[in-house]
Amino acid sequence: MSRLFVFILIALFLSAIIDVMSNFKVEGACSKPCRKYCIDKGARNGKCINGRCHCYY
């Protein structure tokens, strides 16, 4: 019984960590409009990929 309880606690802990990390990633998305930011820098286009703005020259 105690092994099951420990397993459930570990599963809940890992679930909470994954939930927090996924929320952080959503909030960490590109804060600026990438296309406009990149065009202003002289690039032809820009896209937000994995929370970072990538410019295409």
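Cβ coordinates come from backbone N, Cα and C, glycine included.
Sequence annotations record features per position, and here Swiss-Prot assigns signal peptide to 1-22. Taken from Swiss-Prot, the feature disulfide bond covers Cys30-Cys48, Cys34-Cys53, Cys38-Cys55. Here Swiss-Prot flags Lys47 as site 'Basic residue of the functional dyad'. Annotation comment: Swiss-Prot describes Tyr56 as site 'Aromatic residue of the functional dyad'.
Features as recorded by Swiss-Prot, highlighted on the structure.
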{"residue": "Cys30", "record": "disulfide bond", "Cβ neighbours (10 Å)": "16"}
{"residue": "Cys34", "record": "disulfide bond", "Cβ neighbours (10 Å)": "19"}
{"residue": "Cys38", "record": "disulfide bond", "Cβ neighbours (10 Å)": "20"}
{"residue": "Lys47", "record": "site 'Basic residue of the functional dyad'", "Cβ neighbours (10 Å)": "13"}
{"residue": "Cys48", "record": "disulfide bond", "Cβ neighbours (10 Å)": "16"}
{"residue": "Cys53", "record": "disulfide bond", "Cβ neighbours (10 Å)": "18"}
{"residue": "Cys55", "record": "disulfide bond", "Cβ neighbours (10 Å)": "17"}
{"residue": "Tyr56", "record": "site 'Aromatic residue of the functional dyad'", "Cβ neighbours (10 Å)": "10"}
Spatially closest candidate among Cys38, Lys47, Cys53, Cys55, the listed recorded positions, to Cys30 (disulfide bond) (Cα to Cα): Cys53
Rounded Cα separation (Å) that holds between Cys55 (disulfide bond) and Lys47 (site 'Basic residue of the functional dyad'): 7
Tyr56 (site 'Aromatic residue of the functional dyad') to Cys38 (disulfide bond) - Cα separation in whole Å: 8
